[in-house]
Every structure is written in structure tokens, then in C-alpha cells.
Amino acid sequence: MSAPEPKITPELVASHGLKPDEYQRILDLIGREPSFTELGIFSAMWNEHCSYKSSRIHLRGLPTKAPWVLQGPGENAGVIDIGDNQAVVFKMESHNHPSYIEPYQGATTGVGGILRDVFTMGARPIACLNALSFGAPEHPKTRHLVSGVVAGVGGYGNSFGVPTVGGQTRFHTRYDGNILVNAMAVGLADADKIFLAAASGVGMPIVYLGSKTGRDGMGGATMASAEFGEGSEEKRPTVQVGDPFAEKLLLEACLEIMANDCVIAIQDMGAAGLTCSAVEMGAKGDLGVDLDLDAVPTRETGMTAYEMMLSESQERMLMVLKPEKEKEAEAIFRKWGLDFAVVGYTTPTKRFVVKHGGKAMADLPIKELGDEAPLYDRPWVESPKLPVIHAREVNAPNSIADALEKLLATPDLCSKRWVWEQYDHVIGGNTLQRPGGDAAVVRVQDGPKGLALTVDVTPRYCEADPFEGGKQAVAEAWRNITAVGGKPLAITDNLNFGNPERPEIMGQFVGCLKGIAEACIAFDFPVVSGNVSLYNETSGRGILPTPSIGGVGLLDDFTKSATLAFKAEGEAILLIGETHGWLGQSVYLRDICGREEGAPPPVDLACEKRHGDVVRGMIHAGTATAVHDLSDGGLLVALAEMALAGSIGASLEAPPDGIVPHAWWFGEDQGRYLVTVKEDDLLTVLSKMKSVGVSCEQIGRTAGHTLKIEGERALDLKALRHAHEHWLPDYMGGKN
């Protein structure tokens, strides 16, 4: 028998994250007071994390279609066609709140959840990436959070057997109370064998697969839909516990069952667990669902209907099976040592019925739980425009060389080797370009193709000007894919913002989305999947707006690619794109001058596309020997990164007349690349650039083992490498 359920009170409703008007909507919808289990189901399905109730109307403005898009937003992951009946399946998703409370488990289950999203579609995962945002290094919790999150990301990916090939790691005081853990997974599938979540057919068996259900993760989706306050540590029981070895078994069992043509529909149990997966399958298929919780495999005794429906135990799937394949499917899952249980059936009623102990614990209209959840058009105000900061208003350093050494040893610009060396980035044997470059490159097995993968965003730009910041996040992903020789095909986004009930925060969200949409349209770079994470605030203090962009591009021939490393001495260094010396919101202004001010650099999308297409053409023609896009830190930081990657120095000319030296070297103008070419190709390249109207000038030559700027002291690469690579391990070791 099911245990008695508590009485519904206003306090109980509020504790479930439901506003009074939302509860009234429930009463109007079902014509009675909900049961405790029903209240939990509504709370799970109508929270921000599952329903996107504050963001859906704005997400509709994103471009999602292209001839190569096989599946856009709305499924577990997006799917794009790369030819030869091959498809790339990918998505990015956040696990922010759990990772702040319990960093190791929060990060592991974030990775596990996004991997399930990919293999649920029928794809074998081939790569993971991540974007990690931590608080100020001096904050007492930051070191602990970095350690736990990085160990969790590596622990799950390494054990599961998928390489973690790239990402971002940043530090800023605005993340002190809310870190961000955005995980991206990429997989390969046959283009004609993609599996979706929509159930079809009446009377079809609904099967529970994978690990047993426990009480871990209770209320996780609801927690992710509210801001933190005092006592957030008490929410530790809502953090799920992951088992990468069980997930590996689940992957192999699912792919085998799919290959045997057993599956009608499949959905992983992520946020809101059994509730969300069952409702989504039924609602998308215009069907009802009857569940019998007595059949659910559990690992704890005495679990109530409420607990089973809202548990977020990991490594679980829900599947609608072809009835004649039931015994075959069960044999496959038993072989892999996983639970297999028929827990319900599809019905024609369009109702969601949950039974436990012979008693109906929930009987609700399924469409209103899923597709027709509340939708808000929240008030928003446009972010005020900040003044342009002119280069002559920014103090010059005592020495350009000294400033470079200092910048390379700052938290955001230092080498993140300490992070990515904890990840197995070569498992599987298909990683062609490892972390540390512009984009990772992963081979598509059994052929010449490669995938270029990147994650990008510059939150300080998004804070200063959400529209330009949104454009720039997409543009940088496009540039990074281009810089390795890839043709950018599509993106997934992970939109991390504060409390949407504050008009200024909603204004940031709307502005960033408009910028993302404009850039995606200009580049023919559609959005095929994504995630929205709101309420990233603690005690009223929100994060920087952080719309992470995960980009995927294709190399038809991975041998025609580029890296950022200088290849040989005596090669010409070319700067492609115009430099005006934009210092507003630059790392130089922040970390050398102590000012976070001004408008961010504008993004000219037409120039971005023209410059990128030319650079990609140079790579494919074999003319470019090294390529690097310019971003944080500007020209001189990018040059130092190329020199360190190749262990070859450079002799650099003085800035041209008319531009302030520190603005030339550290300005963050957009749409620029550094390219090296052999001496024999120099005149041809310069002539070609002039003919197509692309700004290109030689700024130096590769040489020796120092960076030597005309009029400045030479910087030994060994000293630069020490500055660049020691800050993070020293910090994590408590030395700074």
C-alpha cells in the first residue's frame, strides 16, 4: 500500500516552486485539489528547467533550419547531416546548481546526462566539451569548487570512455555564489537511424531500463529553477549520484536494442526523472500513458509514488517497445546486467495515470503537463548603452613586454593545462587536435572526415552590451571552427542568466538572443539544440549573462587542417582583419588597469564571414602554415600563444603610425586572424587579399626563441611559458 499523502496547503504549494496563480491554474485545469503526487508532477513539469516558461517565446526567434539539419530543437539533441548517411548528434546542457552544492557529483551527473541525451538518439558519443565558470580565485570556496568539478568531469568521461577534447574555464567574482558547469556531448549516428521521443500506437509496452530508482536527486529540477539563498548547502540531497560504468552498459545495451529494431520511442530520465520522460513521450505522440509504479525497480524500501515519480537517479531510460520484440529486448538488457521492467502502456486517453499499490495516485491531462505548460512574456528593459572608451583614455603600461608577461599569468588567460590534463582527451584514438587550440578536431572513423568542435562566450561583453555579446559568442565559435579549417554547420546553446522576474535580467536574455539569432542567420549557422538555465543568483546577486555557444563544423579532409603552432622559422606573420585598438571591456583594461568599463567591440558580421571564408580557403589550399583567431587579450597574447605552441619565437614590427601601442597589441577588435605563410607564398597571398578586399598586413616573422617587439625588450619563451603555465597549478596547490 502507498503511504498516506500530506494535506495540500499554501506553504506546501510554495515549497514546490509554484506561484499562487499557477496553483489556481492547476485547480481550474483539473477541477479539484491535486493529490500530493500530482502536485509534485505539476511542480516538476511546470518549473523553469523543464517548461522553459520564461524563455520559449524568445527562443522562437532563433534560426533552426538548414538543408543539413535533420532534427532541430525539441528532441533530446540536435542532428545534422554530414553526408554518406552519417549524422552528428549534439547538445549542451547545464548542471549549475548541483555542481555548486556538491561539485564532484554535480559535474559527473552533468556529463552523464548530456551523454544520455546523445545516445538516446541512436548515436555513439565520440567527444565531450565543457564551459566552466568559477568565482574569484580569492573567494574561499573557489579552489574547492574547481577541484571537485574538474575531477567530476574527468572522472565520468574517463570512466565512460569518451574523450573530453575542449572547452573554456573562467573566473569572475559574479560567479562566487553560482558557478556554471555547461557540458556538451557529440556523437555519430546513421542518418537514417535516428530515434525520437514521441510514442506511437495504443497499447504499446513502456519499459523501464537501466539502474534502479532511489531517493537521490529528489526535486533537482525544481531546485534548478530557483535562485539560491542562505542555506543552499542543505540542498545536497537533491544532487544526483552518477555511475559512469552503469552508463557505459546502458549505452551498449541501448545501441544493441536499437540495432535490433525493437524501439518505437525512447527518452532518457533526466530532470524530473520518470515524470518528465513519460509525459514527454506521451504528449509528443498525442497519447496517454498509464504507469504502474509497483513494477519500477527500486533500490530503497518503502518509496512512495511521489518519490518514485520525482527521483532523478541516474543511468535510466524509458522506452516504448514493439510488442513482438519484448523478449528479445529483455534478453539484451539482462545480458548487460541492467534492469528491464514493463512499467506501463500507451493509451488513447491523452491522460497521465499513475498507480501505486493498486491505487490511482495521479490522473492528469498529459498535453497540459507537457506541451501546454504555462508561458510567460515577462517584462524586460533594454540594457543601457555604455560609452566607447578611446585608447588614449586608457593608461599605457610601463612596458608592453611586462604587460604581456602579467596577462599570460592571469586567471582567464593562463594555460588551462592543469584542467585538461585531468581529462582523457585521446581515448578512442580519434582526437586529431587536442585541447589548447582554437577548436578540437575529432576524426570521423572509417574515412577522411573530421569534426571541428568548440565552446565559446565572452560574458563581460554580454553584460556590457547583450546584443553585441550574443553576436560575438556565435562569431567566435564560427572563427574557432574556421581557424582549424572546418566549415561551420550548426550550434547548440546553453543560456545561463539570473532571475528572469527582474526586467533588467530578462532584457539581457532578450538582447543576447537577438544577437545570437542575427549572427546565426548571417553565417547560415543554425541552432539545433540547447538549454536555458535561469535563476543563477544567490541572495539577489546574479551571474554575468553567459550564453555559451557550442559549435560543430566539418572538415571533408582532416589532413587539410591548421593548428595555432608556429611551424618553422623564417615564415611571414600576417594579421588579417582591421585593428582599431578597441580596449573597452578588454582583458588589458580589466587586469592591467583595474577597470571593467565601456562598450565591448562591435561585431561586423559581413566582415567576419568574408575574413573567415578567405582564411579557410588558405588552409584548404595549403598556404597557411599556422592559424589563430584573435580574442581575449588581443594581438600580442595570440602571438605568444602561437609561439609557445610551436616553441618558435618571433620578431615583430612596431605598431603603425596613428595607433596607440598598447591598443594595437592588446585591443580586442573582432573578426581577426593571425596566419603564417612561407616566404615563397607571401606576395601571392598579399595580392589575393587585396583583390578580395580583405585587410591583411605583415607584422613580423617567426624567428629564434624569443618574442622581440621593435623598441621593447625581448621576451624569452621559457620565461613566458613559466608565466603562462604556472598560475593555475600554483593556485590549486595553494601557492598563490
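FYI, residue positions are counted from 1 along the chain as it appears here.
The backbone N, Cα and C atoms fix where each Cβ goes, glycine too.
Secondary structure at H49 (active site), taken from DSSP and collapsed to helix, strand or coil, is helix. If you look up Swiss-Prot, you'll see H49 marked as active site.
Summarising the annotation, Swiss-Prot assigns ATP binding site to Y52, K91, D493, G530. Mapped onto three states, the DSSP output places D493 (ATP binding site) in strand.
Annotation source Swiss-Prot lists Mg(2+) 1 binding site at E93, N531. Counting only same-chain residues six or more apart in sequence, the Cβ atoms lying under 8 angstroms from the Cβ of N531 (Mg(2+) 1 binding site) belong to K91, M92, E93, S94, N182, D493, N494, L495. Reduced to three states, the DSSP call for N531 (Mg(2+) 1 binding site) is strand.
DSSP assigns Q314 (substrate binding site) to coil, not to a helix or a strand. The substrate binding site annotation in Swiss-Prot covers S94, H95, N96, H97, R116, Q240, E312, S313, Q314, S533.
The active site, proton acceptor annotation in Swiss-Prot covers H95, and the record cites sequence analysis as its basis. Residue density at H95 (active site, proton acceptor): 31 other Cβ atoms are found within 10 A of its Cβ, drawing on all protein chains shown.
DSSP assigns D117 (Mg(2+) 2 binding site) to a helix. The Mg(2+) 2 binding site annotation in Swiss-Prot covers D117, D268, and the record cites sequence analysis as its basis.
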Rounded distance in angstrom between the Cα atoms of R116 (substrate binding site) and D268 (Mg(2+) 2 binding site): 6
Inter-residue C-alpha distance, D117 (Mg(2+) 2 binding site) and G530 (ATP binding site) (nearest angstrom): 11
Pairwise CA distance, D268 (Mg(2+) 2 binding site) versus H49 (active site), rounded so that it is a whole Å: 16
Mapped DSSP class for H95 (active site, proton acceptor), helix or strand or coil: coil
Least Cβ-crowded entry, counting other Cβ within 10 Å, from the binding-site residues listed as N96, Q314: N96
Spatial separation of H95 (active site, proton acceptor) from Y52 (ATP binding site) - C-alpha basis, Å: 16
